[in-house]
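S.K.: According to TrEMBL, the feature active site, nucleophile maps to Thr183. Feature annotation from TrEMBL assigns substrate binding site to Arg211, Ile212, Gly213, Asp214, Thr233, Gly234, Lys235, Gly236.
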Amino acid sequence: MVGWAIALHGGAGDIPIDLPDERRIPRENALRYCLDLGVSALKSGKPPLDVAELVVRELENHPDFNAGKGSVLTTQGTVEMEASIMDGKTKRCGAVSGLTTVLNPISLARLVMEKTPHIYLAFDAAEAFARAHGIETVESSHFITPQNIARLKQAKEFNRVQLDYTNPTTKEAENCGDSQIGTVGCVAVDSSGNLASATSTGGYVNKMVGRIGDTPVIGAGTYANHLCAVSATGKGEEIIRGTVARDVAALMEYKGLSLTEAAAYAVDQSGPRGTCGLVAVSANGEVAMPFNTTGMFRACAMEDGYTEIAIWPKN
């Protein structure tokens, strides 16, 4: 089986089965739109790296996902966005953290990959690099939405760092009702077996200023080589400890597991339930989207015509 494939996610977490329509439908529509965009790009012959960046940019621009425009707030009420991107064929990659004004962090991560001898730039230096290379920036207030101010207030009231989707208690529901869903990501493979992965996030609600999660850590939240491309989402500290994205590739390479087997094992070993989800594609055009959380906003399409847009486990 050889053909193009694409998968994307809008975060994993404790997503209640009775999620109200006004919160569910906009996210499902965004996934559908981004999936169609990625499929069209692959069909038109765009390289998987371009496709992954394109899709993640769109997800960053959607205020209902925790990346870019929808990024959640630190304990000081600021945004600190991070992203990474990786090309499977060359293993070239780029990553950024601590962004406060860059409109699309994923594109800055790609620029780090292509325009520097390095892989990772962060905080003021990354912002300066963006300005020097004409990357679009906005006032940091652009990212500070009323919804995320309410989410931060909720987290502070209950004195916690809010991990992914946190199902509010009745008292919390009176405050804001909806925590922010975690990371966004996209993986793609073309009909020649070229692979790429891209991931972007705003982090945790009420996180310490300066905290860096799994998203920009190559091998943890993002990885691609000649066998597969992976983008993870969930509790960043656990994903870093488990080097989850790299584990999928390693299990395929060293143990001979299929993509489905390797992805399922990596998620299962990532930590306690509620820890992790991922999307992955193989060089043969296979797709895997396992998670051990209540749900994961996800979508995929394959050259054979199969498509899926889902949140909770399939029956």
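Backbone N, Cα and C define each Cβ position, glycine as well.
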S.K.: Pick the one among the binding-site residues Gly213, Gly234, Gly236 whose Cβ has the fewest other Cβ atoms within 10 Å in this structure.
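M.R.: Output over binding-site residues Gly213, Gly234, Gly236: least Cβ neighbours within 10 Å is Gly213.
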S.K.: Just going by other Cβ atoms within 10 Å, which of the binding-site residues Arg211, Lys235 has the emptiest spot?
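M.R.: Counting other Cβ atoms within 10 Å of each of the binding-site residues Arg211, Lys235 gives the minimum at Arg211.
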S.K.: The record names Arg211, Ile212, Gly213, Asp214, Thr233, Gly234, Lys235, Gly236 as the residues that bind substrate; what is their largest Cα to Cα distance in Å?
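M.R.: It comes out at 16 Å between the most distant Cα atoms.
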S.K.: Work out how many Å separate Gly234 (substrate binding site) and the residue listed as 'active site, nucleophile' at their Cα atoms, rounded off.
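M.R.: Here the two Cα atoms lie 7 Å apart.
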S.K.: Using a Cβ cut-off under 8 Å and a sequence separation of 6 or more, which residues in the same chain sit near Ile212 (substrate binding site)?
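M.R.: Set apart from Ile212 (substrate binding site) by at least 6 residues yet with Cβ under 8 Å, we have Glu82, Ser97, Gly98, Ala122.
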S.K.: Just how many other Cβ atoms lie inside 10 Å of the Cβ on Asp214 (substrate binding site)?
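M.R.: Other Cβ atoms found within 10 Å: 29.
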S.K.: Quick one: give me the count of other CB atoms within 10 A of the CB of Thr233 (substrate binding site).
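M.R.: The answer is 33.
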S.K.: Please report the Cα separation of Asp214 (substrate binding site) and Thr183 (active site, nucleophile) in Å, rounded to an integer.
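M.R.: Answer for this pair: 10 Å between alpha carbons.
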